[in-house]
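First the structure, which I've put down as structure tokens, then a few questions once you've had a look.
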Amino acid sequence: MTSLPARTARRPRVPVAPYLFILPYLLIFASFWAWPIVSSFLMSFRDSRLGPSAPLGLSNWSRLLSDESFRTALQNTLVILAIQVPLMLTLATALAVALNSRLLRAQGLFRFAFFAPLVVGTVAYSAVFRLLFNTDYGMVNRALTGLGLPAVDWLNQPVPAMTVIILAMTWRWTGYNAIILLAGLQGIREDVYEAASLDGATPAQQFWRITLPLLRPSLLFCLVLSVIGTLQLFTESSLITGSGPGNATLTLGTYLYQQGFQSFNFGYSSAIAYAVAALAAVFSAVQLRLFGRDG
Amino acid sequence: MSARSLPRTDGAAPSRRSRDRTARFWLHAGLVPLALLFLAPLWLMLVFSTQPESAIFSPAPPVWFGGAFLENFRGLQADTNFLRALWNSVVISTLYTLLSMVFTSLAGFAFSKYSFPGRGLLFGLILATLTIPSFVTIIPQFILVARDLHLSNTYWAVLLPTLANTIGIFYMRQAFAAVPDDLLNAARIDGAGDLRLYAQIALPIVRPALAALAILLFLGSWNDYLWPLIVLTQKDSYTMPVALGTLVGLTRVSWGGIMVGTVMATVPFLALFLALQRQFVAGIAGGAVKD
């Protein structure tokens with residue numbers, strides 16, 4: 001659905017009002033967004049630790065290439081991205097379709113269950129998940145041993161620690177995506193399905209041929225936001241696992257925070273930030289290419 | 001509720017009705033366990049907030065409420081001055097929501113209902129920054145706020161950079177597109193000025209969308225962690241997530257207190273959400289999330 005063309009208030013002369021309306025936003029936007037984007041780039045060529053910001057040339061950038069911790073953070077972030085985002089979006093799509101089904105009883109109850117995590121803050125749920133996955137006292141291990149399965153040392157081993165982060169994020173964000181997809185589903189007109197039904201299309205065919213193609217704009221929106229969100233993952237890695245064990249769950253976000261706000265190495269931290277931005281740009285371009293306008 | 005939940009007339013063939021019954025069974029068989037899994041962490045969060053530490057870590061873990069809520073709260077308050085942090089969060093989130101709504105609805109109205117030189121360019125510029133991760137700006141923002149403006153540990157330090165809410169602009173622009181142009185033209189002919197068109201004609205029409213946006217904005221600010229963590233360094237200036245975060249990061253963790261904190265941060269919104277979720281989905285449907 002595209003917006004209406006703005007033809008309402010067209011006047012012969014250049015209007016002043018729209019500029020005044022945009023001005024408050026624009027002032028904040030320019031000073032706290034647009035300029036910092038440029039400033040951060042310039043800073044990545046300087047060393048803030050040497051006096052009042054000494055010029056440094058490309059060494060922050062070349063350091064990125066040889067930095068073991070950066071490579072680990074990048075790899076961890078990409079692993080989480082590759083597993084968590086598809087898992088979550090598949091689940092969210094299935095949930096949205098189920099919640100939209102005319103066959104479903106007690107819709108309100110189910111919606112509440114899946115949308116409730118949406119209001120829990122990342123700090124709060126990180127705390128809850130850290131407690132639930134505690135090796136000695138956590139409910140998860142108690143459930144596992146109760147079923148006769150071995151307990152897992154969730155937070156102190158690399159692969160289980162990563163699993164906890166992925167599970168936690170899926171719990172927190174699936175409902176958020178499902179709500180967007182559900183809104184998209186409700187924009188699809190009922191008579192399209194009725195026509196398909198009369199033509200003898202099975203529910204599966206209706207899903208693949210009607211629902212999914214018409215849902216594509218909403219899915220793309222979810223995908224782009226999820227990818228950018230995951231690239232900036234910070235709270236979960238910082239509070240659930242403390243980016244450990246070792247650096248096993250260090251993300252680009254936690255590494256940027258460590259370099260910028262614990263070591264106060266603003267120049268190097270800016271280079272990391274721009275690496276994240278470059279990744280986000282590449283992913284967005286690929287997504288728009290693959291799922292965007294055509295067809 | 002969707003049109004699809006309307007009852008169907010019973011003229012359908014019997015084979016279809018039995019097929020519906022099987023489908024309904026499997027739908028619920030899949031959803032019920034999943035729903036319980038989604039609710040379990042919330043349930044345990046509520047239960048643990050009322051249990052003494054010894055019970056949380058006992059061999060038989062509690063799944064029902066205990067009587068230690070107040071005791072846990074006292075521990076939390078002693079560790080973090082949690083009430084002060086809550087108050088800071090309430091003030092910051094309220095100011096943020098109100099100011100953002102004014103800024104983004106004014107700008108959204110201008111982008112949606114006026115044609116003016118530079119409109120495409122400006123909107124394109126704002127649109128382009130949506131895909132730029134906020135990490136890119138965080139260090140210059142910190143230098144600007146903390147070093148140049150000397151705002152560390154103030155409400156403004158948290159507020160200023162976050163007020164440029166790009167998604168809000170999209171959302172409001174989309175919402176205002178539903179306001180009939182004829183209505184605005186008629187009001188203009190009757191002598192209404194631009195500000196009146198915005199405030200008295202257009203704004204009341206988009207109120208449902210504005211309400212959904214307000215909830216999203218408030219929640220976003222209420223739960224924001226990284227930026228407040230960076231610009232707030234004194235205990236009394238902490239927002240609620242920062243105060244909670246200091247506890248979670250410790251090695252010796254007071255879990256009963258933390259669970260009280262998470263409950264106090266979450267339950268008011270759970271209740272609000274439960275009450276509003278139908279309008280909320282409708283509000284999102286009417287908003288920006290369409291191509």
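The backbone N, Cα and C atoms fix where each Cβ goes, and this holds for glycine too.
TrEMBL entries are annotated by machine, without manual review.
Because the structure is a prediction, the values reported are computed rather than measured.
Not my notes, these are from TrEMBL:
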{"type": "TRANSMEM", "residues": "B:25-48", "note": "transmembrane segment"}
{"type": "TRANSMEM", "residues": "B:85-109", "note": "transmembrane segment"}
{"type": "DOMAIN", "residues": "B:86-276", "note": "domain 'ABC transmembrane type-1'"}
{"type": "TRANSMEM", "residues": "B:121-143", "note": "transmembrane segment"}
{"type": "TRANSMEM", "residues": "B:155-176", "note": "transmembrane segment"}
{"type": "TRANSMEM", "residues": "B:197-219", "note": "transmembrane segment"}
{"type": "TRANSMEM", "residues": "B:253-276", "note": "transmembrane segment"}
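If you look at the structure here, what lies around each of the features I listed?
Sequence-distant neighbours of the transmembrane segment (B:25-48) (same chain, 6+ residues past either end, Cβ-Cβ under 8 Å): 56, 62-66, 255-256, 259, 262-263, 266-267, 270.
The list of residues near the transmembrane segment (B:85-109) in space but at least 6 beyond its ends in sequence, with Cβ under 8 angstroms from a Cβ of it, reads 155, 158-159, 162-163, 165, 168-176, 198, 202-203, 206, 210, 213-214, 217-218, 221-222, 228, 237-243, 264-265.
Long-range contacts of the transmembrane segment (B:121-143) within the same chain: residues 111, 161, 166-167, 169-170, 226-227, 230-231, each at least 6 residues beyond the stretch ends and with a Cβ under 8 Å from a Cβ of the stretch.
Sequence-distant neighbours of the transmembrane segment (B:155-176) (same chain, 6+ residues past either end, Cβ-Cβ under 8 Å): 88, 91-92, 95-96, 99-101, 103-105, 107-109, 111-113, 126-127, 129-130, 137, 141, 144-146, 202, 206, 209-210, 213, 217, 221, 224, 227-228, 231-232, 239, 286-288, 290.
Note on the transmembrane segment (B:253-276): residues 42, 45-46, 48-49, 51-53, 56-57, 68-69, 71-73, 75-76, 79-80, 82, 86, 89, 211, 215, 219, 222-223, 240-241, 243-244, 247 of its chain, located 6 or more positions outside it, place their CB under 8 angstroms from a CB of the stretch.
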